[in-house]
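According to TrEMBL, the features are:
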{"type": "ACT_SITE", "residues": "CYS2", "note": "active site, for GATase activity"}
{"type": "DOMAIN", "residues": "2-188", "note": "domain 'Glutamine amidotransferase type-2'"}
{"type": "BINDING", "residues": "ASP100", "note": "L-glutamine binding site"}
{"type": "SITE", "residues": "GLU344", "note": "site 'Important for beta-aspartyl-AMP intermediate formation'"}
Amino acid sequence: MCGIWALAGGAATTSEVRTEHTDAFMRIVGRGPDLTVIEKVAPTVHLGFHRLAIVMPGDQPSQQPIVGDGFSVVCNGEIYNHKQIKDEFPLANVRNGGSDCAAIVHSFVGNKGDLRAACASLDGVFAFVMADQDRVYIGRDPMGVRPLFYGFAADGALVVGSEVKCISNLVERIEYFPPGSCATFIPAMKTRALQIHKYWSIPTIADKFVTMDAAQVLIRDVLIKSVEKRLMGNRHFGFMLSGGLDSSLIASIATKFLKHTPHAFSVGFEDSPDLEAARQVAEYLSIPHHVLVITPKQCIDVIPEVVNALETFDPLIIRCGIAHYLLCKHISETSDVKVLLSGEGADELFGSYAYMQRAPNAFHLHKEIIRRMTHLHQYDVLRCDRSTSCHGLEIRVPFLDKKMIDLVGRLPPTYKLIEKRKKRKMEKSAFEGWLPSEVLWRSKEGFAEALGKTDLGEIIHEYATKLISEEEFGARHELFPDRTPETKEEFWYRSIFEQCYPLEKIVHVVHTKVYKTAAWHLTEEKENLAKLLVNSDDESKMSEEEMRELRRKAATTLNSGVVA
């Protein structure tokens, strides 16, 4: 995990960046505490880089900017096929060319300046800014696993950064750079727009017609390779075990390939049954297991920090981010682990959330999977990135590998829609022997709900009810006319958020609708209540209070999906 930043063009650009620029850049120093660099690489272009040393820590070739053939680049990412690209398109005299991210320059030059072809050739996760003497080139990985934002300053300068907080005070309006896209900017033209082009899209057509058994084999092979390629680096690896299948399966695969013993970490309230399930997995894999027992008070106290870190006011992302944030802080303070592997993205990819399994038919499930995947960079991927990066950790997500998405996204959606009370053979046998059977078949709780028998959502709801007076809540439409909070919990988050960020610059970037609808236009807003599973045809009969109860709950999954 690293942090990148760029300043390009503008009437006031000088040979040195100003204090307000460096102050903004330093707001994301947690992303890379090992090295900080701001370098002028062209007459009107400065590139900034905060380094978290993962591959070749402390070694000069892994530093940035990377410079070669007249191009300078800073990148937050990992390019897994960097050796193949460097071999195919060799370049001489590349400064810091030992970095895997040097493959960006190699590919761009080798593809004769075709930015889309260069980005498409990269197998990995990345957000980069590259410059020559005349142009600035920007690219982001297919699913937006690595974040990237941009905006224009009052003098017309383009400002790009890894997080909102490092550009918000410098630009007039903040935009996220879209996943699977690239763009070119010419500072001399003094335009205040980017010409953004897609180089990759989530597959929308289920055109891979294979048997269930063949799909099982393909998924197993692709996932194993996806995990294996993400083990590059010589820092200590770890897993965040929730006791569910996704994280446990990734841990099982990675443990077979890592040379050094990884460590597992779990978090929960004292009465959490998931801690026992996580312990079983760690014991089965013969790896050390560290448990962080937290209290409701700790969860409440840390919420302002979480809102600031996550850069959103979506209630479910914040609630799920609390435990994630606390655990990452604990890992950073008590261990040498720097890289975490996660099972994020599996539920969206396989359509295994409970509400998704209630789709009217396989076609609507397929549509909802595409919708959720399209916005994933604004939800769970965002939560994972910000919760880890602010503590100097890096997270890797094998389920969101480009090849994995291309395979699963094109499988018949009927393979993902589960018949009631019927466990499919593919689930049982795809990774048989890789985990204890009770874990393989266990229903996975959402991260927030997995904390214990006491519901975190209810704890926060009760606290917010006492914190926010009826008078304050009654004025919510005047205070927050756009996306007015519907509960006091949402009111609290929104109030904290607006203390941290200029809403008028960022409100359009904060997505809050994924959990409030579905591709088939049902009215429920969350995917997790057994009540909805029991009364699947009675949504229209729910009262407003019952609907608000749904919003206080976090996501859960069925025992579903091709591998989940």
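Numbering starts at 1 and runs along the chain as it is shown here.
Glycine is no exception: its Cβ is also placed from the backbone N, Cα and C atoms.
Note: TrEMBL annotation is automatic and uncurated.
Feature map: TrEMBL annotations on the structure.
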residue	record	Cβ within 10 Å
CYS2	active site, for GATase activity	26
ASP100	L-glutamine binding site	25
GLU344	site 'Important for beta-aspartyl-AMP intermediate formation'	27
- Whole-Å Cα distance, ASP100 (L-glutamine binding site) to GLU344 (site 'Important for beta-aspartyl-AMP intermediate formation'), is 24
- Item | GLU344 (site 'Important for beta-aspartyl-AMP intermediate formation') versus CYS2 (active site, for GATase activity) - Cα distance in angstrom | 20
